[in-house]
Amino acid sequence: MALIHVSSPHTNRSGKAGHVMRQVILATLPGLAALCYYFGWGPLINVLFASGLALLFEAAVLKLRNRPLGFYLGDLSAVLTAFLLALALPPYIPWWVTTIGIFVAIVIAKQLYGGLGQNPFNPAMIAYALLLIAFPVEMTRWSAPETLLEGPLPGFGDSLAIIFGQLALPDGVTLATPLETFKHKGGLTGEELWASSTLLNNLEPWQAISLAYLLGGVYLLVRKVYTWHIPVSMLGSLLLIAGLFYAADPSNYAPPLFHLTVGATMLGAFFIATDPVTAATSNKGKLIFGASIGILVYLIRNWGNYPDAIAFAVLLMNLTAPFLDYYTRPRTYGHKQAERGIARK
Amino acid sequence: MEAILIAVLILLGVALVFGALLGFASIRFKVDGNPIVDQIDSLLPQTQCGQCGHPGCRPYAEAIANGEPINKCPPGGESTINALADLLDVEPLPLDAEHGEEQVKSVAFIREDECIGCTKCIQACPVDAILGAAKQMHTVIVSECTGCDLCVEPCPVDCIDMIPIETTLSTWSWAEPMPGVQLIATDRGRGADQQVNNDSDNHTDDSDQRGNAA
Amino acid sequence: MSRIWSFHGGIHPPENKQQSLLKPLRQAPIPPQLIIPLQQHIGAPATPLVEVGERVLKGQAIAEPSGHVSIYQHAPTSGIVSHIGNYSVPHPSGMEGLCIQIDTDGKDEWIEHQGVEDFRSLEKPALAEMIRCAGISGMGGAGFPTEIKLHLADDHIINTLIVNAVECEPYITADDMLMRERAAQIIGGIEIAAHLIKPTHCLIGIEDNKPEAAIALTQAARASEIEIEVVVVPTKYPSGGEKQLVKLLTGVEVPYGKIPADIGIVVQNVGTMSAVNQAVKQGKPLISRITTLTGDALDSPGNFEVLLGTPVEFLLQQAGLNPMSLNRLVMGGPMMGYTLSDTSVPVVKTSNCVIAATEEEFPQAPPAQNCIRCGQCEQVCPAELLPQQLHWFAKGKEFDKAQSFNLMDCIECGACAYVCPSNIPLVQYYRFAKGEIRREQAEQRKAEQARIRFEARQERQEREKEEKAAKRKARAEAASRSQANRKDQVAAGKPAAADPQEQIKKLKTEAAVARTKLKKAEKALAEDTANTELQAAVEVARSKSEQAQQALEAAEKASPAPAPTLAELKIAAATARTKVTKTEKALADAEAKGAASADKLRASLDGLRAKAEAAQQALEKAEQAEKTGSSSKPAAPAADLKQLKSAASIARTKLKKAQKALDQAREDRADTAELEQQLATAQQKADTTQQAFEAAEKAADQADGGQAAPAADAPDLKALKSAASIARTKLKKTQKVIDQAREDGKDTGALEQQLAKLQQKADDAQKAFEEAEKAEQSSSPAPQPAADKPDLKALKSAASIARTKLKKTQKVVDQAREDGKDTSALEQQLTKLQQKADDAQKAFEAAEQAEAGSNTSQPTDAGSDLKAPDLKQLKSAAAIARTKVKKTEKALADAQAQGSESADSLATALDKLKAKASQAEQALAEAEQNSETVG
């Protein structure tokens, strides 16, 4: 009878980091399904391809770093990164763009910093930002959703062929996103644009996808994978600032709900900004973190060069996370105020 | 010409004002003594063992303040070096093996029935932690002993042992948790190598000791 | 119903309380043996009051508090104290602690005890004393002495008494059971505590998962004379933490670094209250408690009334343990309890629960993954810390940062580790960091202490030096004053001729002045040889000096030479010698510089030497004369001997200095031939002095021998011994120098020769010492065994020194051998040393035997008293011999393992040593037998 000698506690809420990742991956599935419903097989192929690549790259780096493969691959963090990047990419992006993106995300943005938990920036967003800057053409070539398409969506085989460069994306298929449409409205006022654009009058696909992400996010909130602070403060601040500008000048600015439902707002709010590794950790810090992302998103969307801004906003706020944490330390029980620095001696 | 003169005068005036200010400050805010020496001294372990080559900790603190390397204190070991590096904002260096190696904390123990009462150890003890008189058996005040082992060498009958301090129920504390995964599989290469190196080091140490003892 | 506040964080782990509530409270039987740890509480361990073999009654105090924060321990049942020693105690370390073991007799016989029903009639101090004598300490957690807490009202304003009935940890139901069964007792205890601390409110905090207990308490409280409120709080871990409960019930936080009493609150555990009630109303000390035995490895889990000190394994048998399925044995709850690695650990005052868990129940934590900063730990931390930051700091050993993040406020509740999705053993990290911080603080304190002591010592040394200097100065002043006085007297026209001594002295001074002048002139001349004027001056000075000298000698001859001449002669001889050495030095300097004055100096040196020799001869003659003349005055030679000895030692010192100079020179690779010569002369001189000393001593011995005055002998022996030991030390040092030189690859032939010489001298000294000792032994025969003792000691120390030397030399030899050097010379030396050590040992043993013999011959003279130390000595000798044998064996094993050639010699040495050891052993046994027969 060998009795073991260990430190308390002796029981543990059964869960692993892998468990958290698995739940997050699970929560993206409604969004993925919605994407596939409206854009065809492309997103699914992208996600699977990216996941495979991510595991491959992760394994290679772990091998180089002399770490046990099974243990670290089992936490599924690489797969989650691949999911998030692939969901953010255009549905029929060429395979090599995805490959470069995953390489950057896994090898450079994550493993070079020491692996899971050590990276200061969200790996998927680093990769996304890099791809956006390096391959603007490929990254903005969104296909139209089925509802706006004259013909049928490409089949599974065709999708594969398109992604792997065997088939060109049919011309009629590409379409600007709602955000792009709004950004490049030229001299038109809001009303004129709304009246003239068929796209802006058929936003259901994007709204449905956003709703699917929201669903996943609520699931994660219920499962206590993260707290409400970041998504709520981010969506709230975006809503607020968009509402303010819309109320002041409705002809020039898009309505607040438009900002919430198009682009990667929901994906960002529930799956990207909430990445615990790179976000602020204190509750107050999370509120500031989320609200700042919301404001940055609005600012970049309206006055930046790029139509969408989730990646840049999140990365910018990742930079400030340690600072936020430092200045939002909670007051410890029995102490008058939170202490900062190590001056107490 | 006039402009130059004015410029020179202004500069001169400014120089005078700042000079006066600085002079005033140097008198008004004069720092007594050399606080950096005190700070360094407070970080040193105060064993007064002299292994650094200085007659006590304070002289070494003064020497450090004058630019001597910070890695000459074996009793303080790595933690002291790190603390000094922190304080002086320099790179922490590995312990200089020339001055000895970091050893387990120990206290001197006099095998009292072998003591001949020569008082040599009493004279050697830097903190007066040995009690005794000529021709009388000596003993170590354990709570005051710094474990500097300066009393070992002078003993003519070699009756002083350095005994490692044992953990008691009140001084025991939990060890650092093993880095979970490294324990089971990882760093198979690196970890294993280190293990082997450590082992072989230990072996050589052992054999050295045995050689000396024989 | 009063308001309930809430505290940050907390978790809801599965409660698992129902298993142990299925069965009613059971009484655990008396085990055959009880183990009572002397430390069952915070503070100093108690001091035993009983001895092994003593019979104790149930409730008898067996250990008393040692210090303020300490408690009594009582015998839980009647029996015999069978052992006081170290046993495994309930402690996370699994280490052992001092315990009293009682063999129970099953009679369960109470000691006389009496309670006080009307406690309000008692004086408060008497009431508190009753509680103190009952040995009650906090039964919930840390085990703080209760009586001290009940004294808190003396210096604090206490307005609230909180009774902790929360029992928030899963599995544990001991308090629950206690409240159900003995609610009235608890209320009684609260009344007593309230009487002592006079709070305005009494609150009982209880979780809403114990409705039965809450109802029982409420009913009992209603019957109470004072107002006691039962506050039901929502179930959340860790509401039972003292600070958390205070916040929960009062909304106030206990400030950092303070205790609840500082904000007017005292917190007591329900179990403690029940014990207080028992102590006061029935006079029964705390000797048993309710402990929950639970876990899947038990067939019938439940609550037991257990005698303190009952081994856990005995208890587990009562609850039907399945040893095969037991995987983890936890004392305390699953969140904060600690594992036991030994089932013989006893139940103590704080043991509220023992969990015998199976592997499925408490599975081994999976390996820790990386922290993903999920922040869940922060959400549940009841102390509002940042657990993940603390984890990073602890992991990176940045303890100061951890401290600034309030690590010390962590209550180690385990909530963070419980929720951690990466399975990081957070609590262990904090415990590790806390331990390191405490250790560092202790070291800091110790360093500060050491610094203060070091500085005090330096100050003292400085002061001593100053005092010495001041004394010297005062002496010099006194001397000059007396001289001035004398001069005055002379000037006053006192008859100088009446005191020829005085005159001689004066003449001497004159001669000295003349000589000094001469010297100065010579010096000047040496610097400027061409100066004829100077030469003339020197001539004049010389003649003057010679005149003065002649006058002095004439006066000296004329005056009769009474007693003090010997001393004077000695001084003269010493001065002459000093002058010789000085001149020698000067000569050496001059030679080194190649100065022309060397010849002159040499000549003067010869002159001086001759003078020195003359002085010496005169001295010796005088001494001999004195000796023959003063055989009736034994005290005088002793004094002379002392002086001679000091002369000898001065000679030796000089020798040492010369050697040092030589070594220095050799290191500098200078020409050392002259120095060596000088050394040789010094050596010779030292030898002659030594010889003179020895001769004198022999003479003294002879003189003493006739007078049977062994007391006077002792100091000489001592002196001889120290001379011998100094010789040995010198030898040692020279050996070191040689080793150094050898290591540096220098030529060591000369040094070795020197070494050999020194060796001889050391041997001589040793021999002289031994002879003297023998002489003394023969001269001081049996009738004075007491006088023998110090000699024995001296012999012993001589023997031990010899052994030490031997050891050191062996070390050197080993070192040399390892370095692959030629060690034959060293080895020879080693064997010599060995022999010497053996001789010393033999001498010692012989002396001991002789003494033993003399002792046995007088068994009436309280011989057994004298025996004891001899036995001790013999024992230590035997022990040393054994140690030596062991060491040699080790060395031999090493040597054999290395296949070294020295193995053979070592083997023979080992045999010898073994023989010696067995001899020592035999001697010891005999001595012991003797002492037994005598005793």
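Glycine is treated like the rest: Cβ placed from N, Cα and C.
Keep in mind that TrEMBL annotations are predicted by a computer and have not been checked by a curator.
It should be emphasised that the depicted structure is a prediction, and the values quoted were computed from it without experimental measurement.
The annotation [4Fe-4S] cluster 1 binding site is assigned in TrEMBL to B:Cys49, B:Cys52, B:Cys57, B:Cys73. Positions annotated as [4Fe-4S] cluster 3 binding site by TrEMBL: B:Cys125, B:Cys145, B:Cys148, B:Cys151. Feature annotation from TrEMBL assigns compositional bias 'Basic and acidic residues' to B:200-214. Per TrEMBL, domain '4Fe-4S' is recorded for B:32-90. Look at TrEMBL and you will find B:106-135, B:136-165 tagged as domain '4Fe-4S ferredoxin-type'. TrEMBL lists B:1-26 with the feature region 'Hydrophobic'. The region 'Disordered' annotation in TrEMBL covers B:189-214.
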Between B:Cys125 ([4Fe-4S] cluster 3 binding site) and B:Cys49 ([4Fe-4S] cluster 1 binding site), the C-alpha gap once rounded to whole angstrom: 9
Length of the line joining the Cα atoms of B:Cys73 ([4Fe-4S] cluster 1 binding site) and B:Cys145 ([4Fe-4S] cluster 3 binding site), in Å: 17
Sorted by sequence, non-B:Cys125, B:Cys145, B:Cys148, B:Cys151 residues with Cβ within 8 Å of centre, [4Fe-4S] cluster 3: B:Ala108, B:Cys121, B:Ala124, B:Pro126, B:Val127, B:Ala129, B:Ile130, B:Val140, B:Thr146, B:Gly147, B:Asp149, B:Leu150
Beyond the site residues B:Cys49, B:Cys52, B:Cys57, B:Cys73: chain residues whose C-beta lies within 8 Å of the centroid, for [4Fe-4S] cluster 1: B:Leu44, B:Pro45, B:Thr47, B:Gln48, B:Gly50, B:Gln51, B:His54, B:Gly56, B:Tyr60, B:Lys72, B:Pro74, B:Pro75, B:Gly76
Cα-nearest neighbour of B:Cys49 ([4Fe-4S] cluster 1 binding site) within the listed binding-site residues, B:Cys145, B:Cys148, B:Cys151: B:Cys148
Binding-site residues (B:Cys57, B:Cys145, B:Cys151) in Cβ proximity to chain C, threshold under 8 Å: B:Cys57
Fewest other Cβ within 10 angstroms of its own Cβ, chosen from the binding-site residues B:Cys49, B:Cys125, B:Cys145, B:Cys148: B:Cys49
Nearest-integer angstrom distance between the alpha carbons (Cα) of B:Cys145 ([4Fe-4S] cluster 3 binding site) and B:Cys57 ([4Fe-4S] cluster 1 binding site): 15
Neighbouring C-beta atoms (10 Å sphere around the C-beta of B:Cys151 ([4Fe-4S] cluster 3 binding site)): 23
Spatial separation of B:Cys57 ([4Fe-4S] cluster 1 binding site) from B:Cys151 ([4Fe-4S] cluster 3 binding site) - C-alpha basis, Å: 17
For B:Cys52 ([4Fe-4S] cluster 1 binding site), nearby residues of its own chain (Cβ under 8 Å, 6 or more apart in sequence): B:Tyr60, B:Ala63, B:Lys72, B:Cys73, B:His99
Between B:Cys57 ([4Fe-4S] cluster 1 binding site) and B:Cys148 ([4Fe-4S] cluster 3 binding site), the C-alpha gap once rounded to whole angstrom: 11
Site of maximum Cβ density within 10 Å, from binding-site residues B:Cys57, B:Cys73: B:Cys57
Summary of DSSP states over the domain '4Fe-4S' (B:32-90), given as helix, strand and coil counts: 30 helix, 0 strand, 29 coil
